[in-house]
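Per Swiss-Prot, these features apply:
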ACT_SITE  80  active site
ACT_SITE  142  active site
BINDING   78, 110, 167  Zn(2+) 1 binding site
BINDING   110, 143, 354  Zn(2+) 2 binding site
């Protein structure tokens, strides 16, 4: 089998739905994408290892390896996309559409299209002349739980020297980002008729106390922690969603608040979760059994790569761009657990990610192909 042309690689990847979602009716297995990539990389002489990701809806990781042993380069990306709003897209999300020097489609830059760039680079390199292994990692569920990357980190089955995650950065190398925590605070009171407030326990009134404590915690985070690489240097705490009660004439029996916290490098998510619980301790003591604090999903740690890394110096040389920090999250903290220097760098703009009519600007194709090819040659040859 001869590998398709670059545009056909892209078209085939976009054609296959691979949405991940916490809503079961939207969640789709990524196996067809994994099988497609497996066939293509096999054709190039890579050995293939496909593993199921535990506790997922039929999700799989793929590791394609050319060469033996540890070291070398890992090029990593995720096979899933976010869901899409059919009413807002003006083009078919699963059909690669060319218009105004752009390729439109779901996953063009976030980030199935990255694998087409990697395949094209591998086609143009004499892989038999590489001295160190080249690995390609395709993961699952990055857009939800990061279960695929977590499984790879837990397995510790290989150890590259360097890793590049091809998320859309405009090919500007990223060396740092904050983490992400989604936490829930549930208040369980006692409902009753609103004509006799003393005959119940109003969960909204307790939640009012909770928000007061959390506002104090916001100030504490700003005063005690800082990473000056970020425009907003402190760990943040955002009030994202609140719901309580069902009728004006009932004492509210339950109320739930969802918050977002963003740890900075050097601050463990467990530390922030402990501070959250400490802030709420007076209320927990005042209302025994009424306050429940729990993770909506497992936290994602912050990430930072040492700026003295040879990988950073190489990426800056190849792109002509200095490394930057970003505010969004990637799989970098989990890939980094393999023991390798890790950066995030890929084609496309983050401004198009998770947006209707997601697109890749065609002017980025040739420069990106050249950079990825040179990156492989520089890291996998002595």
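Cβ coordinates come from backbone N, Cα and C, glycine included.
If you take the Cα of residue 78 (Zn(2+) 1 binding site) and the Cα of residue 142 (active site), they are about 6 angstrom apart, rounded to a whole number. Residue 142 (active site) sits 13 Å from residue 354 (Zn(2+) 2 binding site), taking the Cα positions as reference. Excluding 110, 143, 354, which define the Zn(2+) 2 site, the same chain contributes 81, 82, 111, 353 within 8 Å (Cβ to the Cβ centroid), listed in sequence order. Distances between the Cα of residue 143 (Zn(2+) 2 binding site) and those of the recorded positions 80, 110, 167 are shortest for 80. Just so you know, of the recorded positions 80, 110, 142, 143, 167, the Cβ with the fewest other Cβ atoms around it within 10 Å is the one at 143. A Cα-Cα distance of 8 Å separates residue 110 (Zn(2+) 1 binding site) from residue 354 (Zn(2+) 2 binding site). In three-state terms derived from DSSP, residue 354 (Zn(2+) 2 binding site) belongs to neither a helical nor a strand segment and is classed as coil.
Taking the mean position of the Cβ atoms of 78, 110, 167 as the Zn(2+) 1 site, the remaining same-chain residues with a Cβ inside 8 Å of that point are 77, 109, 111, 114, 142, 143, 165, 166, 168, 330, 346, 353. Within 10 Å of the C-beta of residue 78 (Zn(2+) 1 binding site) there are 31 other C-beta atoms, taking all protein chains into account.
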